[in-house]
Amino acid sequence: MSSVIVAGLVSGSIYALIASGLSLVWGALGVFNFAHGALLMAGAFVAWFVSDPAGLDLGLTAGVLTSMIFMIAAGGVLYVLLVRPWLGKPAAELTVIMTTVAGAMFLENLALYTFGARLKALDQVVTGTVSVAGTAMQAQNLLVIVLAPVLLGGLALFLKLSKHGLAIRAIAQNDEAARLLGIRIERTYFLTFAVSALLAGVAGVMIGGLFNITPSMGSDPLLRAFLVVVFGGLGSLPGTVIAAYLIGLIEAASSYYIGIYWTPVVLFSVLILVLLVRPNGLLGRAP
Amino acid sequence: MTNSDTILAVKGLGKSFGSLVAVDDVSFTIRRGEILGIAGPNGAGKTTLFNLLSRNPIVADRGHVIFDGQRIDRLSPHRIFRAGLARTFQKETAFFKLTVAENVRLGAVYGAGLRGAAANAAVNAALEMLELTPLKHQEAGALTVYGTKRLMIASAMVASPKLLLMDEPASGLNTIEQAELKTLILRLRDQGTSILLIEHILPLLFGVSERVMVMDFGRKLTEGSPAEIARDPRVIDAYLGGVNSESAHAA
């Protein structure tokens, strides 16, 4: 039972980090970034390349810090190249799906070409096992469980209290009124993508410390994050976080008690039933 | 043309959209501490005039605007706001999922460029002025229509503007709220803010304005005291679409 909860919390933590970035972009710009999973992969690869003896061998701290800086820049560049040219044009939402899918494919193949197909893994930030309330778990798992809420809390405070966070929330509701108030929309969109990519990078580093790093490692988390965002309510950060942990726990419980092959059936049954009752998701509101 | 008693002097302002002349050679002045009303039928160019004065979201093709002794018709919208010319919008520009205080804070931070304690003080003062303090933590979407109107005014007043442009603040209000709004507008004026007021509800417009300017087809039709405007046949024609003059000819 306790191991199921630990597994659910680890998955939920990672889903929450990925999905909150996705939700942030959706809320502010109304577009879905299909390159979000590839950003996660890029964050893991950069951290690995800088830290691993097969790369620059500068140590894990340097790898993680470099990855975070790289992700902020990567998010901004992705926005400028793949999203900004289409905003305000007819069917921008559909065009951005195509451009970000193309961006994801480019990044994945770039990683494959540059680093090869051999499986890689990041060193764990903390090693060994710890016992919490009588439950033994990997120290890295505990770090993920503790760090994710801290980062999500930081994100919530940034959105609630900072000037730029207030602007992101304002634009998410009424970009025209925000423009009239003097908020620089494009700069805020850029920032939104940078923050979103940073969260994806953190998730990539976490996954890289627990599992393998591969060029396609972002595909499955992206699908999960999409489910989380819809389940939680489009654009709702609290809904996204709650949904992430619920899905993580449902998956873990279903895999343990029913079987891993039945997990998608159980998960999608729950999601569909909830969305039938609450079509806008757990905390989403009617547009 | 301008002197220290003049807060705003507009000369030959114009804007065209293709062959449509939306604002045509409009000139007027406002004195410090004055409320100048603007009346005119729909499509007369009143809101476009506000857009040109604030350069938000469109700019004039011709003419110039001197505000508080400074030419502002080439400044960016936020510089105009920070110079002391604020406006409210006809459409609702509140952010309904943000709290009342957060809405006003956006005006303080992005409009007025205030930071930290100065922003907090300005937000609290604006909330107090518009009697929104008890509602500051409430989501703006839960406000009444009049509450939303006051919130939009608070977001503009947070910068302590010298001149406030108000675009149809009474639309959607009942008669009791209109009376409260009238008191509020006069109070803002008494506290030192000059006001340029567009309003379709003429009893309110005439009740607060020292002078009224009437526009029609993008042009300034006439200007005078409310009493003079009320009996001006050109104004009656503009509002009634020529019915008055046709009736007169028929008679």
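Any Cβ shown, glycine's included, is placed from N, Cα and C.
These come from TrEMBL:
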{"type": "TRANSMEM", "residues": "A:6-26", "note": "transmembrane segment"}
{"type": "TRANSMEM", "residues": "A:31-50", "note": "transmembrane segment"}
{"type": "TRANSMEM", "residues": "A:62-82", "note": "transmembrane segment"}
{"type": "TRANSMEM", "residues": "A:94-116", "note": "transmembrane segment"}
{"type": "TRANSMEM", "residues": "A:136-159", "note": "transmembrane segment"}
{"type": "TRANSMEM", "residues": "A:189-213", "note": "transmembrane segment"}
{"type": "TRANSMEM", "residues": "A:225-247", "note": "transmembrane segment"}
{"type": "TRANSMEM", "residues": "A:259-277", "note": "transmembrane segment"}
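Packing against the transmembrane segment (A:6-26) from elsewhere in the chain are residues 32-33, 36-37, 40, 135, 137, 141, 144-145, 147-149, 151-152, 155, 168, 192-193, 195-200, 202-203, 206-207, 210, 221-222, 224-226, 228-229, 232, 234-237, 240-241, 243-253, 255-256: each is 6 or more residues past its ends and has a CB under 8 Å from a CB in it. Residues 33, 35, 39, 42-44, 46-52, 56, 96, 99-100, 102-103, 122, 125, 189-190, 192-198, 200-202, 204-205 of the same chain lie 6 or more positions beyond the ends of the transmembrane segment (A:62-82) yet place their CB under 8 Å from a CB of it. Counted over residue pairs separated by six or more positions, the transmembrane segment (A:136-159) shares at least 3 Cβ pairs under 8 angstroms with the transmembrane segment (A:189-213), which defines the two as touching. Counting only same-chain residues 6+ beyond the ends of the transmembrane segment (A:189-213), those with a CB under 8 A from a CB of the stretch are 10, 13-14, 17-18, 20-22, 24-25, 28-29, 33, 36-37, 39-48, 64, 67-68, 70-76, 78-80, 83-84, 87, 119-125, 140-141, 144, 147-148, 151, 155, 158, 164, 168, 171, 221.
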